[in-house]
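**Q** Handing you this structure, nothing more for now.
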Amino acid sequence: MVYPVRNKDDLDQQLILAEDKLVVIDFYADWCGPCKIIAPKLDELAHEYSDRVVVLKVNVDENEDITVEYNVNSMPTFVFIKGGNVLELFVGCNSDKLAKLMEKHAGVYTDEAADVKAVHIDGECIVDLTAESSESDNDNNNVNEVSAHDENAVLEH
């Protein structure tokens with residue numbers, strides 16, 4: 001089951017109730033396309049690991065204080081917490097990586113899960129909350145996007 005967090009006090013209470021279980025916080029927005037893409041997989045994983053994992057959803061538009069506290073700049077962002085400690089962060093909508101991280105931190109450890117790094121950003125599948133809408137700002141902060149599959153790509157400035 002995925003639990004929608006209402007506010008900071010609610011989040012704090014859910015973290016206490018989780019005790020020694022893994023907590024996965026999904027930072028999302030209703031208007032975020034990548035968030036909608038990964039939501040069904042998150043629901044599936046929450047059901048599959050319900051005995052070991054608590055999945056919480058935090059709407060960034062309704063809970064700015066929590067979003068700032070966890071330094072969330074893009075969506076979807078998944079924060080993995082156990083025993084009150086942040087273990088790992090994953091940004092993007094790659095459902096395979098999300099599943100591997102759940103396996104890794106929920107105690108279902110595989111060699112494949114061991115290859116997962118501490119911070120993951122799937123740049124093809126995020127919404128950047130820090131992006132400026134002004135064209136002049138975008139010109140000053142020229143960001144070049146390259147497909148993760150294009151090994152021969154060259155960035156031009």
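Glycine too: its Cβ is placed from the backbone N, Cα and C atoms.
This is the feature table in Swiss-Prot:
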type     : residues    : note
DOMAIN   : 2-107       : domain 'Thioredoxin'
DISULFID : CYS32-CYS35 : disulfide bond
REGION   : 132-157     : region 'Disordered'
COMPBIAS : 147-157     : compositional bias 'Basic and acidic residues'
**Q** Looking at the domain 'Thioredoxin' (2-107) alone, can you tell me the average pLDDT?
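**A** Across the residues of the domain 'Thioredoxin' (2-107) the model's pLDDT averages 96 on the 0 to 100 scale.
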**Q** Across all chains shown, how many C-beta atoms besides its own are within 10 angstroms of the C-beta of CYS35 (disulfide bond)?
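**A** The Cβ of CYS35 (disulfide bond) has 24 Cβ neighbours within 10 Å.
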**Q** Determine the Cβ neighbour count for CYS32 (disulfide bond): the number of other Cβ atoms within 10 Å of its Cβ.
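**A** If we count other Cβ atoms within 10 Å of CYS32 (disulfide bond), we arrive at 22.
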**Q** For the domain 'Thioredoxin' (2-107), what does DSSP give as the number of helix, strand and coil residues?
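**A** For the domain 'Thioredoxin' (2-107), the helix, strand and coil counts are 44 helix, 32 strand, 30 coil.
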